[in-house]
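Below is one structure, written out as structure tokens; comments come after it.
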């Protein structure tokens, strides 16, 4: 690990969500990407939603790396990502509309797997099946695509380079979906669509071996920013299973999703919202179902960038942040949306979980136990002053400073960045 905790000087920095997603990862990625040579997505698919506001224009990226907005940054969709090609081109159309030139600055791993219509249908069918537990997926085909990958039945982006072979694999996958799931789709329509997009991808040389590309970039001393999607508590292994996503959302996913060794990762910044939110089902120990929760939801505009679903809101949860630090080895924290807490008389912080009346130092793996935990809180004073124009830590109200210092004390790592508004420039670099 590098001594650089804020990512400004590191050669490879990973941006990891430390809660249940929607922490505001895209904003810091956007800020840092300007200083990096490469910006690389390593996991997930169009179930992610990174919203960025630049020059008054709002961009909602689901597949594109946020570095696409910078002319000096090469953007990589890594092998750990599952790619819906039509969705990708919808995002590229957004760039075309706003005259963002990305020529020669976007490549896709030939090992990344494809989300196709049959897998989208499988996702929708699974979620609507009343016999199964409702998991609250985004219905973007993510789970079925990773399932097909694990079953060695999936389609890869590189398969598009060999069209006749691709068609054989495509029809084989759809035959299995018909037989096993009863799924019928218009295969010829999708084939025609994919053929058109394939020609564009090939003409633009966008399908490449990204593992070799990144290895050579590292050898040449280029700086790489690894952009995570989702978050630690949604990780397929470490999250609140089964209310999780289907990929490795932690720092290990950087290695498996980009093909880089653990020793290459110098800085790991954990993105932490100043309170806690989660979308969909699953346990949420610090959840607020009262007026304060509604206030946070309304003031924070807590609605999913991908689905538009309202987010459940609660107090900051220190136990899950300690857990994220254990797994990811965060160098520092980017505390986002601090401005949303403005106006609250008091702010609570969940500092410990109690199970059967005893403090525990772990996150229960069984949901039955996690649902039973009680939360021990401490209370700190809130602040009334508008903090959106603060540019340094010392300009923040003393109560806001104390809130941040308490978080640092409880976690044992520094807060290096502080978000105090939705705009790109509304962020404080804390010394």
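The backbone N, Cα and C atoms fix where each Cβ goes, glycine too.
Quick caveat, the model's predicted, so the values are computed rather than measured.
Features of the protein shown, as given by Swiss-Prot:
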- 21-27, 49-51, 311, 337-339, 419-421: GTP binding site (BINDING)
- 22: active site, proton acceptor (ACT_SITE)
- 22, 23, 24, 25, 47, 48, 49, 50, 138, 152, 230, 245, 309: IMP binding site (BINDING)
- 22, 49: Mg(2+) binding site (BINDING)
- 50: active site, proton donor (ACT_SITE)
- 305, 306, 307, 308, 309, 310, 311: substrate binding site (BINDING)
Of the binding-site residues listed as 47, 230, 307, the one whose CA lies nearest the CA of residue 420 (GTP binding site): 230
Binding-site residues (21, 24, 49, 310), the one with most neighbouring Cβ atoms at 10 Å: 21
For residue 230 (IMP binding site), the number of other Cβ atoms found within 10 Å of its own Cβ: 31
Cα-proximity to the residue listed as 'active site, proton donor', 10 Å cut-off, over recorded positions 22, 27, 311, 338: 22, 27
Which of 50, 309, all recorded positions, has a Cβ with the fewest other Cβ atoms inside 10 Å: 309
Inter-residue Cα distance where the pair is residue 307 (substrate binding site) and residue 338 (GTP binding site), in Å: 24
Secondary structure of residue 310 (substrate binding site) (DSSP, helix/strand/coil): strand
Nearest recorded site to residue 230 (IMP binding site) by CA-CA distance, among binding-site residues 21, 27, 51, 308, 311: 21
